[in-house]
Amino acid sequence: MDSVLLTWKLRLQEVKFLSQVCTANKWWAGLGKAPQPCSFICPWVPVAGLEVALTDFQSAWNNVQHHTDEISSDRLLVRRGQAFNITLYFRNRGFQPGLDNIIFVAETGPLPDLSNGTRALFSLTGHHGPSSWIVSLETNRASSLEVILCAPPVAAVGRYLLKVHIDSFQGSVKAYQLGEFILLFNPWCPEDSVYLDSEPQRQEYVVNDYGFIYQGNKNWIRPCPWNYGQFEETIIDICLELLDKSLNFQIDPATDCALRGSPIYISRVVCAMINSNDDNGVLNGNWSENYLDGINPAEWTGSVAILKQWHATGCQPVRYGQCWVFAAIMCTVMRCLGIPTRVITNFDSGHDTDGNLIIDEYYDNTGRILENKKKDSVWNFHVWNECWMARKDLPPGYGGWQVLDATPQETSNGLYCCGPASVKAIKEGEVELNYDTAFAFSMVNADCMSWLVYGGKEQKIHWDTNTVGNFISTKSIQSDERDDITENYKYIEGSPQEREVFLKALQKLKAGRPEDPHQADSQHSTPEPRSGDGLWRLHTPSLRPSDIVQVSLKFQLLEPPHMGQDINFVLLALNMSLQFKDLKVNLSAQSLLHDGSPLPPFWQDIAFITLSPEEAKTHSYRIPYSQYSQYLSTDKLIRISALGEEKSSPEKILVTKIITLAYAGIVINVLGAAIVNQPLSIQVLFSNPLSEHVEDCVLTVEGSGLFKKQQRVLIGVLEPQHRASIILESVPFKSGQRQIQANLRSNKFKDIKGYRNVYVDLRL
């Protein structure tokens, strides 16, 4: 019964509007002046009602103007706040302005409604406001009418149905469905809240369909090529399907569609839908090293295959993803919808679970890092997105780049999503601002506390204010170089400004939560600020100040670490005092997952070092490949630790180093000129880097505009150190700058990668 009443209400609204338009736009009013002799059709002369025969959406031309021609030339895809042309062809006669009134109707969503903006009625003679749809006359011919339409820059994005109601002077009203079109955000429109005023940036952050995601560690940063493919066939439909599968739409579709004009709202919905923790989102996360029932996250090279698999399986989550895959998929969806987006990597990224801006790490007396009981961690690297948008919900100055993190770490308003958090607010420590700014702040600027766990007790051994948030990176604009944007997120590490912001954020967090009586006497309590000499500093009475440290330890690699080779390094011990020092140093090595989770140690040693005053000594060590190979994680991360203690002092000295093992990459050669619709040969050279044979080798190759789908080549077995090559055939179907991405996986390694940029000419 409710649905019937709602339908009647909608129809009554429409009838009321049509009545108002028809009354206001009678033929004499439509002339805009008093009738002149022979300038009008006499109302008593019978004239047939105007009938629409067909509609030309001029998709090919409109899509070029709206920067959507790479998506399709057959379907109309336009951006809000920008005009587009369509032509109506009539069956029986031409359009007569004084006789015919054409009312356009644009609808989106399952329950379009005038009151919430998902239904719009507008006519050639109607009055238009800043939030109104607009139609104007372009050309009136004998049997056709070309009009210009424009959606307001605040309109909800999505799939629209366009209709017309034609009211001729005789009083007959006919309705026609003209067809569907898709409306997107418009970073080219100054009135749109995602407007970006730099064309090179728009080309990079909206139009570019490939890029790099930075991985490794802060001492060894490598670019991982990625095919975003936001303009590939069916991707726009999958992106809209993703919105319709969200919990917001399932619970209240009318409100959800009405809110789709807000990039803030859309970004939170998409962020929650990329992971599958709350819904049938795109990706299942997996950090367990067990991927037998899915794909190892390291093997992916693009978003298209993932999104198409999600769609093809009835929106069942794809197995598996980790942070860089979540961020890459979100980049694809947001760029497809028209929101400028880039992928960001933060090296040594904090995950603070209790909101005190301190990441606690625990070690035993052998120097082995222990599993964190609080679940705090420092990720070797973590990847998220930045999206560009105005933030009218925040104080002035906090628009622009916003952090969005689709990796399911913590909940936000009950869902696993994070952001949008203003990058400017993060830098200034305004952690109370929406959304999830405090968590984003901790990822780049938390302090790190190291604890020794021994005999059932915990002892603070190191407080580091510099560990978290290093070399924050993204791809440069229209370049393959890496852009370091750390200064966007924080002041120079260790500077008075940086510490002031840290303490401001800490005070805001403490003020925003109730006092915990059980924490007052805890040695894990949040650090208290104090002032002295005009500067803020942390009160850390149980830690030895750095200016009186007498002995230091440091690791140094003797050569770059490569997969399949032994790891050679030295431990440098330096006595900076005028006294003899006797040290006992426990060393260990263990694999890490990229989220900081430790695996069991596979190597341990003890060194006894005697140092004369101001003496330095080195001790050399070697970890054979045969010893670490069976313990290595997919991330190829090894953490070596040394915990030293003086015989005459209770103080402990901790030093750690993270090693990422490198592979020789895949080499791709393009054999000849790349021309649209002409055959192109591509050579792919790869090798087994190990001194043992590997099995189940599979090579995958893809590239938007070059391959219709991902190429998968079964290689089988590769002998030790064996080099091989294959030739692939392609027929490029899009012109311009393109990129080929390749990955080789086996039973021993998962992510030997390579890429090659290709420029495709339109013609010979």
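Cβ coordinates are placed from backbone N, Cα and C, and glycine is handled just like the others.
Positions annotated as domain 'Transglutaminase-like' by TrEMBL: 315-408.
Taken from TrEMBL, the feature active site applies to CYS323 (among others). Long-range Cβ contacts of CYS323 (active site) within its own chain (separation 6+, distance under 8 Å): TRP379, HIS382, VAL383, TRP384, THR407, HIS594, ASP595.
Residues or ranges marked as active site by TrEMBL: HIS382 (among others). Just so you know, the Cβ of HIS382 (active site) picks up 27 other Cβ atoms within 10 Å once every protein chain is counted.
As annotated by TrEMBL, active site applies to ASP405 (among others). Note on ASP405 (active site): other Cβ atoms within 10 Å of its Cβ, all shown chains, come to 30.
Positions annotated as Ca(2+) binding site by TrEMBL: ASN445, ASP447, GLU493, GLU498. Sequence-distant contacts (6 or more apart, same chain, Cβ under 8 Å) of ASN445 (Ca(2+) binding site) comprise GLY350, LEU357, ILE426, VAL468, GLY469, TYR489, LYS490, GLU498, VAL501, PHE502, ALA505.
Positions annotated as region 'Disordered' by TrEMBL: 512-537.
What TrEMBL records for 512-521 is compositional bias 'Basic and acidic residues'.
Cβ neighbour count for GLU498 (Ca(2+) binding site) (all protein chains, 10 Å cutoff from its Cβ): 18.
Per-site Cβ counts within 10 Å over the binding-site residues ASP447, GLU493 peak at ASP447.
When the domain 'Transglutaminase-like' (315-408) is classified with DSSP, helix, strand and coil residues number 15 helix, 40 strand, 39 coil. When the alpha carbons of ASP405 (active site) and ASP447 (Ca(2+) binding site) are compared, the span between them is 21 angstrom. If you average pLDDT over the domain 'Transglutaminase-like' (315-408) in this model, you get 94.
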